[in-house]
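Features reported for this protein in Swiss-Prot:
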- 155-177: compositional bias 'Acidic residues' (COMPBIAS)
- 124-164: domain 'LRRCT' (DOMAIN)
- 155-229: region 'Disordered' (REGION)
- 19-40: repeat 'LRR 1' (REPEAT)
- 42-63: repeat 'LRR 2' (REPEAT)
- 64-85: repeat 'LRR 3' (REPEAT)
- 90-110: repeat 'LRR 4' (REPEAT)
Amino acid sequence: MPSMAEIYVKELRERDPATVDTLFLDNAEDGQIGGLTDQLINLEMLSMVKCGLTTLAGFPTLPALTYLDISDNQLGDNASFDVLVKNAPDLKKITLASNKLSLDNLRCLKVLPNLFELDLSNNPSLGLLEDYREKMFEMIPSLKILDGCDVDGEEVEEEFAGEGGEDSEEGSGDEDGPGLSYLEKSQFSDDETDDYAPEGGDAEPRGTKRGASDNGEEPDNKKAAGDDE
């Protein structure tokens, strides 16, 4: 497999780095960040999945970056997340699934003012932590979605197509939603979202919040609405 620097050159395709808004540098074999420059001033989405990363040392200055996917790496005590606070201050979503993270490794992320969503699934130490979700939401005040569920534990479905994707209109009903520009690159048809209803009854539109469990129990807000009627 090629190094990250080699993948970067290939992905760049002789484009001006300042014009690039999305980069996929997955499966680099050298286990370190390399090749990226501070010229990527308009980069909004960066993926470095399965690169064997143990640290984010060498992370470039990316002022427009809103979504970072660094899942399936070896990030842990030496992750150096403070570099994200300094070099990517506008981050709204970070995917950190399948790493080796602890709560202490993530404390510096609370300084990111717009951090809206984190995916920390499949981090063994976090999975064993008592009251893990409560502690994360308390530690990062701006956080609204953790591991695909909101602060109330209700699942938030997100739809992505290709390199970006767009949440359905109903799914983005929260006024304080992330509004990531990379989500605007493709659209789902109305048949797949708002107008979908299977035979035999009403269906919940895709892209809306639903209970994280499938036990059939109605959320409290729906029960309250029924009582009012």
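Using N, Cα and C of the backbone, Cβ positions are placed for all residues, glycine too.
Sequence-distant contacts of the repeat 'LRR 1' (19-40) (same chain, six or more residues past either end, CB-CB distance under 8 Å): 1-9, 11-12, 46-62, 64, 74, 163-164, 181-182, 185. Counting residues per DSSP class in helix, strand and coil order gives 12 helix, 7 strand, 22 coil for the domain 'LRRCT' (124-164).
The repeat 'LRR 3' (64-85): residue composition by secondary structure is 4 helix, 3 strand, 15 coil, according to DSSP.
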